[in-house]
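S.K.: This is the structure I have questions about; it appears just below.
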Amino acid sequence: MDSREFRRRGKEMVDYIADYLDGIEGRPVYPDVEPGYLRALIPTTAPQEPETYEDIIRDIEKIIMPGVTHWHSPYFFAYFPTASSYPAMLADMLCGAIGCIGFSWAASPACTELETVMMDWLGKMLELPEAFLAGRAGEGGGVIQGSASEATLVALLAARTKMIRQLQAASPELTQAALMEKLVAYTSDQAHSSVERAGLIGGVKIKAIPSDGNYSMRAAALREALERDKAAGLIPFFVVVTLGTTSCCSFDNLLEVGPICNQEGVWLHIDAAYAGSAFICPEFRYLLNGVEFADSFNFNPHKWLLVNFDCSAMWVKKRTDLTEAFNMDPVYLRHSHQDSGLITDYRHWQIPLGRRFRSLKMWFVFRMYGVKGLQAYIRKHVKLSHEFESLVRQDPRFEICTEVILGLVCFRLKGSNQLNETLLQRINSAKKIHLVPCRLRDKFVLRFAVCSRTVESAHVQLAWEHIRDLASSVLRAEKE
């Protein structure tokens, strides 16, 4: 394919994408395929000779689309949103064309510097404390990670290194292996499974703190665990506070937990993967109160801020906490400006070496939507979630299980878990809408998350009518 054909095919692909998204509402939101469906539709080996572009395009509808779950359908209410917008798609095209691997400033100055500036832009939108911003010569700063899971792992490994070095400075005879056995981290019993995985990868203990009646980690429970473990000779070093849990969008009490972490010299990491986008709205900024106590903070613009995956925003107060943990400096990566104090080499802020020009997506989206446009988008989703909540409350057969704060509604039929499992199975088998469940204490709960960029009140109303009709069918069957 030369540039002439690329121009033609590129325009065709833009048309295909626009047609796909314009018509996505007419496609079943969940695919009707069985595991292994695709292997029977494609050859077992790659072609020896080139195939035509026309053949590939035909196979998209024939082979790929039948197995796609349409995350951007206005009838997709599962998980949490995954962001999508035309400006971000255009930026991704440019990112692919430039094709740099921005591991250092010298590898692509624009890639590095735009990321630093965009992370400061976003930090200011969130009203983060100045300590988290890079500015012109700040000690902190932001970095784009691949996911919130990656950000949690980076923070844990940095905290582990920092604590071990502090302990060895005071007692040089202590080995890293001996200290690793004593290190312990903490998070809520409602935290994402990625926190547990970070502990597994990092080789440290992770303890779940029991949450309160609102599924929130509170100071008393954390303090009790810290004191018990210290008395047993363990060394607390890391706490993850979740703002907007995956199960029910609950919020740990940051204002209570933060001071304890600071008093104990424990690294405090905030995981706000979903909810963090809402903090750009003044009416939701209170949910981030206490961020000043944190050492690191993370949320995913690729969830709810119209920046396509992947783009996970992470800030730290002290960049040296990361660079001292991850610094590797082989001669083939060195460059003349790296010791100048004027640049950032993001390879020292992350797990992998390579990194894409992801800040282009932020630049395009922030400029083409503006802060007001992004705020309006968040507010629309929150309004729709409250509309759904109101519909549920009007039906005495159902109950709302947690406070609705942002774009997630947790609800269920009053009755047994089996009744709700049957309802969910009926909902997803019908393939008109898509939901996933959670478990809150001993209850099986349905989650209704407002996700699509194009979802409107009419879609919410139709979804509720569908759920209500299926519920009637399930309840009738139970009585028979």
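Yeah, the Cβs are placed from backbone N, Cα and C, and that goes for glycine too.
Found this in Swiss-Prot, in case it helps:
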BINDING   Thr82, His192  substrate binding site
BINDING   Ala148, Ser149, Thr246, Asn300  pyridoxal 5'-phosphate binding site
MOD_RES   Met1  N-acetylmethionine
MOD_RES   Lys303  N6-(pyridoxal phosphate)lysine
REGION    58-178  region '2 X approximate tandem repeats'
REPEAT    58-115  repeat '1'
REPEAT    118-178  repeat '2'
S.K.: Cβ atoms within 10 Å, counted per site: which of His192, Lys303 has the most, among these recorded positions?
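M.R.: Of the recorded positions His192, Lys303, the most buried by Cβ count within 10 Å is Lys303.
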S.K.: For pyridoxal 5'-phosphate, what surrounds Ala148, Ser149, Thr246, Asn300 with a Cβ no more than 8 Å from their Cβ centroid?
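M.R.: My list of surrounding residues reads Ser147, Ala151, Thr152, His192, Ser194, Asp271, Ala273, Tyr274, Asn298, Lys303, Ser312.
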S.K.: Give me the count of other Cβ atoms within 10 A of the Cβ belonging to Thr246 (pyridoxal 5'-phosphate binding site).
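M.R.: So the number of other Cβ atoms within 10 Å of Thr246 (pyridoxal 5'-phosphate binding site) is 21.
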S.K.: Which residue among the binding-site residues Thr82, Ser149, Asn300 has the fewest other Cβ atoms within 10 Å of its Cβ, if you could check?
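M.R.: Counting other Cβ atoms within 10 Å of each of the binding-site residues Thr82, Ser149, Asn300, the minimum falls on Thr82.
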S.K.: So what pLDDT does the repeat '2' (118-178) average out to?
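M.R.: Across the residues of the repeat '2' (118-178) the model's pLDDT averages 92 on the 0 to 100 scale.
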S.K.: Rank the recorded positions Met1, Ala148 by the number of other Cβ atoms within 10 Å of each Cβ, and give the residue at the low end.
M.R.: Met1
S.K.: What recorded positions in the list Met1, Ser149, His192, Thr246 lie within 10 angstroms of the residue listed as 'N6-(pyridoxal phosphate)lysine', counting C-alpha atoms?
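M.R.: Of Met1, Ser149, His192, Thr246, within range: none.
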S.K.: Checking the spread of the pyridoxal 5'-phosphate site as listed (Ala148, Ser149, Thr246, Asn300): what is the longest Cα-Cα distance, in whole Å?
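M.R.: Spelled out: the longest distance between any two Cα atoms in Ala148, Ser149, Thr246, Asn300 is 13 Å.
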S.K.: Measuring C-alpha to C-alpha, could you say which of the recorded positions Met1, Thr82, His192 are within 10 Å of Ser149 (pyridoxal 5'-phosphate binding site)?
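M.R.: Qualifying among Met1, Thr82, His192: His192.
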S.K.: Work out the three-state DSSP category of Thr82 (substrate binding site).
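M.R.: Coil, per DSSP.
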